[in-house]
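Colleague: Structure provided below as structure tokens; questions to follow.
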Amino acid sequence: MTLFSDFISQVCTEITHNKNKPDGIYQYAVTLPPSLAAVFPPSALTGWLNAQTCWPQFYWQHRDGTETAAVCGEVCRFTHISDAQALLDTLPAQSQIRIWGLNSWQFDTPSPAQGTGGSYLFVPRAELRISGSETHFLVNIDSRRPAEETTEFLRSLVWQTEIAALNSKVISARHQPDEAGWTQLVTDAVTAITGGEMEKVVTARKTALELSAPVAPAAFMQASCDCNHHCFHYMLATGPDTAFVASPPERLYFRAGAQLYTEALAGTVANYPEDDRAEQAAQWLLADKKNVHENSVVVDDICQRLQGAVSALDVSAAAVIRLRKVQHLYRVISATLYAPRDSDCLQRLQPTAAVAGLPRSAALAFLRDNEPFDRDWYAGSGGYCSPSRSEFAVSLRCAKISGSRVDLYAGAGIVAGSDPQAEWCEIENKAAGLRTLLESDAH
């Protein structure tokens, strides 16, 4: 498209002739003219990413639809949030440079599946960001590197926003654990809980799907965006057919300056297409002692973990968030940070009781001894951090894509009195949010 290539040429010229380059990493930012912004609606960004031949790539869509971003290329990468924080500390307080990516669920412990540290965080070379009615094109540049590296990269970007619909079908599915193993896992967890070893543990299942054809990660991401509303959507692609995709409803935290917002999303019931049935289920959820207790212990854990780091902590009344397949109990926790550091926020909040259990150490020990797979990125977090503003969502309702294999993950909170069969039905409903994208009833 001539309009896009002309725009890129203009950007390259301005970068080349910029004489006021600060030392280190800085950002060139421009608002797209209306003629070009009109062909970049939020739904076009997955197609734009899919057309690029540079990696890593990251896609982000906020659950309320206020912001969508597509980023690609890499200026620098970090394998731990503390290293990313070290860069943030060198940037001006109002810098718009964002570090995007994922943190594994125990990011202080390197994952064997990753073979590196517990995070994949990077400063991209290029970013398309739609915020409200404005579309911004942002270029991150390391002044210590030749300017030609940046301009050559920008000229390699192509214009294309069309993306083919998913056409891969599920050939086979293998659960780990299977239903018998799940029953034993939940039974063992309830035994440990009633024996006083812990109060709650979140057990999970991994489902390996073999597909009829490789799936394009961006197409899978767009299909989820189209179907799974009121969710965060994000994708880290490290190659043309290798990616982690998530569509979770739950925010880990949002930080604006020193203001912190986190939430407890725990307690689940099925959703129904009929509004009256869905409302009846929601009212049952608000009154059910088991689910109310499950949510309360998550709230208490978050508040305890923030002690010493915040002031003016506030907890909202319980509400219900309605998703495509399930409904959840939901409460917001807000506070003011004494020191707004994302490395501290992540280390305090992750993993939450909603994905691990309580007490954290006992729950993690139980999962380490009994859960039959490596969670990898599942139950970790995805999003971005910057000096002034950061947001991470909890990596639930997620999939790991490797060509024609897709691994799905889903978990359930186990407390005293949990029933293995009921919990199996719950994780089936949770996994269906992504699995049905590959089946005929996705819409």
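Placement of Cβ uses the backbone N, Cα and C atoms for every residue, glycine included.
No curator has checked TrEMBL annotations; they are predicted automatically.
The domain 'Chorismate-utilising enzyme C-terminal' annotation in TrEMBL covers 179-430. Summarising the annotation, TrEMBL assigns active site, proton acceptor to K200. Summarising the annotation, TrEMBL assigns active site, proton donor to E250. What TrEMBL records for E294, E426 is Mg(2+) binding site.
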Colleague: Far apart in sequence but close in space: which same-chain residues, 6 or more away, have a Cβ under 8 Å from E294 (Mg(2+) binding site)?
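Modeller: Residues satisfying the criterion: K200, A266, G267, L329, G413, V415.
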Colleague: What does DSSP assign the residue listed as 'active site, proton donor', in three states?
Modeller: coil
Colleague: Taking only same-chain residues 6+ apart in sequence, whose CB is under 8 Å from that of E426 (Mg(2+) binding site), what do you get?
Modeller: T268, V326, A412
Colleague: Just to be sure I understand the packing, how many Cβ atoms besides its own are within 10 Å of the Cβ of K200 (active site, proton acceptor)?
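Modeller: That number is 25.
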Colleague: Under DSSP, is E294 (Mg(2+) binding site) part of a helix or a strand, or is it coil?
Modeller: helix
